[in-house]
Amino acid sequence: MSTFAIPRSVEWHETHVTILNQQKLPSVTEYLDLHTLEDVHDAIVTLKVRGAPAIGITAAYGLALAASRYETESVDEFQRRLKQDRDYLASARPTAVNLFWALDRLVAAAKSAASVNEAKTTLVHEAIRIQIEDEDVCRRIGEHALSLFHRGDRIMTICNAGSIATARYGTALAPFYLAKEKGIELSVYALETRPVLQGARLTAWELMQAGVDVTLITDNMAAQTIKAKNINAIIVGADRIAQNGDTANKIGTFGLALLAQSFGIPFYVAAPLSTIDLATKTGADIPIEERHPDEVTHLNGVRIAPEGVNVYNPAFDVTPNELITAIITEKGIVYGDYETELPSLVAKEEHHETA
């Protein structure tokens with residue numbers, strides 16, 4: 001079994017949360033200490049921390065940190081302020097369902113507390129539990145995903161659904177780390193992922209840290225690369241999965257799914273059950289965040305487009321369920337019939353947790 005480095009993105013301390021500043025990668029490896037609720041909110045908005053699970057973990061720690069400083073003995077007042085701060089953090093990224101899931105889980109956990117001190121302790125323990133669980137979930141996703149690949153396969157991915165987007169291992173990148181552990185050779189082709197370049201800055205960086213074979217391409221090279229390099233499969237992460245399997249992920253994912261269909265290769269989505277939002281019936285109900293035009297018109301602070309040009313900058317797109325070969329979760333692989341199978345899988349997990 002190989003030993004190698006898998007970078008981590010979030011760490012809890014009693015007085016602050018430490019994150020890997022993903023905006024500075026790959027040129028600078030910088031860790032930031034977040035001391036306030038506003039620090040955490042800003043880190044999420046500005047993509048210093050990104051990736052749905054990592055956002056959820058960071059927000060959970062941020063809420064626990066803020067609550068630890070409430071100066072009240074009233075449980076009712078504590079709960080009121082907790083919900084207010086929950087809503088503030090939830091506004092940071094409207095598409096990432098793990099953000100709401102983690103925050104709501106903390107709020108629910110604190111409800112059973114008989115005192116303010118008990119509630120504060122409960123929040124910290126619950127946030128830590130979310131991170132520990134996510135690492136285990138990601139490893140199990142990786143095991144299931146790895147079962148779909150064969151030694152020597154060439155696999156394409158977009159954005160960064162890796163270790164630094166989660167507690168550890170990642171979702172779409174998890175099988176590559178586990179393959180490395182087991183001595184199974186796989187090759188990864190990573191799209192640069194304009195306009196913020198998560199594929200170039202983050203995916204290529206973290207896979208290289210672990211010694212995984214990775215080749216970087218620009219987004220508009222995907223079709224030619226699939227053809228010329230005989231790509232065997234495409235695997236992506238997810239920011240939100242609707243009840244029917246429609247999947248919101250980084251902009252460009254939908255186009256990759258269409259290419260997979262055209263070339264007759266499988267298109268896999270890897271995500272934890274917490275990313276499945278049963279309250280969202282179809283992809284049409286998923287809000288798509290639009291980001292600042294400067295992300296498109298500027299590169300490293302330098303303008304690369306004419307001043308005043310109109311810009312459309314959606315951060316995500318939605319891949320229809322019929323283009324998805326399978327959704328890989330910690331509880332197994334779902335092939336089609338998502339509208340029935342996904343709620344069933346989530347219900348089984350909820351029953352297991354309450355049993």
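Backbone N, Cα and C atoms are what each Cβ position is placed from, and that goes for glycine too.
Some features that Swiss-Prot has for this protein:
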type	residues	note
ACT_SITE	Asp239	active site, proton donor
BINDING	Arg50, Gly51, Ala52, Arg93, Gln198, Asn249, Lys250	substrate binding site
SITE	Cys159	site 'Transition state stabilizer'
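Feature map: Swiss-Prot annotations on the structure.
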residue	record	Cβ neighbours (10 Å)
Arg50	substrate binding site	25
Gly51	substrate binding site	29
Ala52	substrate binding site	29
Arg93	substrate binding site	24
Cys159	site 'Transition state stabilizer'	28
Gln198	substrate binding site	27
Asp239	active site, proton donor	28
Asn249	substrate binding site	28
Lys250	substrate binding site	24
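With Arg50, Gly51, Ala52, Arg93, Gln198, Asn249, Lys250 listed as the residues that bind substrate, the site has a largest C-alpha separation of 17 Å. DSSP assigns Asn249 (substrate binding site) to a strand.
Surrounding the centroid of the Cβ atoms of Arg50, Gly51, Ala52, Arg93, Gln198, Asn249, Lys250, where the record places substrate, the chain contributes additional residues within 8 Å, namely Ile55, Ala96, Cys159, Asn160, Ala161, Ala165, Gly237, Asp239. According to DSSP, Gln198 (substrate binding site) is assigned to a helical segment.
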